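Notes follow the structure.
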Amino acid sequence: MSSSKPYQNPADDDDSEPEMIAEDDVQEVVEEVDGDGDVPMDSDDEGQEEELVLENDGIAYFDQHKDSVFAIAQHPVYPNLIATGGSEGDADDAPGKGYIIDIAAAPSKPVLPPSYNSDPSSAGAWQPTELQPVFAIDGHTDSINALTFTLPRGDFLVSGGMDGRLRVYAVGVPSTGTGAQFKFIGESQETEEVNWVSPCPSAAHPNTIALGASDGSVWVFAVDPASDPSNPIQIIQSYFLHTASCTAGAWSSDGLLLATVSEDSSLHVFDVFGEAGAKNLVTDNGQTVVSLADADQRFFVEGGLYSVAISPSGGLVAVGGAQGAIRVVGLPRLSAQPTSQRQTAQRAVPVQRGPAGRRAAPSSHPSSVQSDPSAGAGVVLAALNVQSDGVESLSFSPQQPLLAAGSVDGSIVVFDAARSFAVRKHIRGAHEGESVVKVDFVRAATGATAGWLLTSCGLDGVVRRWDLRGATATQEAVASGQTAGLIKEWKGHRGGGEGGGVLGFVQGADGERVVTAGDDSVVLVFEA
């Protein structure tokens, strides 16, 4: 982006004309003609340009990326520290580039800014804060497409790239939470391309991360420079069960199991630290507690799997794939769980579903999973096909028996795990017909909204928040269901087509600030 600050916001609730982007800042510009985002067809007059009006609800922005922002991560202890990653340009040989920004530098938007009912271009008008980088992430020869801080304290920042490199930085943060220092400590390259990285949440195995690669391999590393400064990134496990690209991975909440999926339509849940093996709960391959692939017709999804999530109780794993297919599979119990979660999982276990989410005959395994930790493991509990295109994102609610799914068809579906994964809500027009990229429940919502608030982003360039209480799918008319439960939306990114949309976001535990990774090369900070 240029330095002309295209993301300045017009005055709140002002009837004056929105500020335009300078013609020098864009190569191709169009004008929105209505609230649905429809745009006119290209004109036959080649020399004629039209102006694009951008509405920006952000309180701050960062625009020093030179191409799409593919990855974003948030420090687990100091959520004001945000890591973003992409590339230095759209050329084939452009190196990867990332930044650390501190969103604490962005003050909240005034309720009634000084420019209220005045000229937004005046000196006193409120404007979003331009953020500056705290640190630059270099060393990748191709795009950075995966980032994470290690758990539980965020001692290290890990970047993964399309060059196959895994680069690690030590993070030093003063007790004030500001003035963070980053130091490169080493890199590892075990594969040609890193697809994703995920931190292990186990306090017994701190600073452990997993990655999935384009060749189907899965790697688990421990970052421990204190034990061996010459080898700070140590391989804990490597797995080679997938036969095609490993597209997504997720840890169980206790950090003992790692679930991964692939374009070959397989699911493997790995016993990373041997806890299941010690209890004789592993499969014949000696590496997994669950392994399902195309040989099992109850599970098989033609076209591949692209998303995975494990329930907070650890008793269920959900996978999403092509043509709107979702499979829910039982997992063994390796650690104790809260009573409320145990009861939720017990209700969900006995029911299987057939094509299109139809209820099938109950499985023959025991309905209670409390006495036998292996009961239900590997059983396909639900086979759901509500959406019409690929399921890109899955999220379990931390407090309610809900599973949310975001699809390429632009819809969000919420399933009720306590009622045999019946559809609670089907929000068909969630992102104006553009692909839903990510759905994520607000983890620390309290009171009446606890476990009910869901945030989503899509290729329409908009971030939305939903309250999933209220009318269920059977009570909603199709027309009203398109925006049912929408309580907030944030705009500011370009949307639709190449170079537009939101590719990811982070929202902390409380969801009060949402920070986005834009395909338009911009990072925006929104406030709830």
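Backbone N, Cα and C define each Cβ position, glycine as well.
Bear in mind that TrEMBL entries carry predicted annotations, made automatically and left uncurated.
TrEMBL lists region 'Disordered' for one of the ranges 1-25, 26-50, namely 1-25. Model confidence over the repeat 'WD' (137-169) stands at 97, taken as the mean pLDDT rounded to a whole number. Sequence-remote contacts of a segment are chain residues at least 6 beyond its ends whose Cβ falls under 8 Å from one of its Cβ atoms, and for the repeat 'WD' (137-169) they are 67, 70-78, 81, 83-87, 94-100, 182-203, 206-209, 211, 213, 221, 223, 232-233. In terms of DSSP helix, strand and coil, the repeat 'WD' (137-169) has 0 helix, 18 strand, 15 coil. Each residue of the repeat 'WD' (384-425) gets a DSSP state, and the totals for helix, strand and coil are 3 helix, 23 strand, 16 coil.
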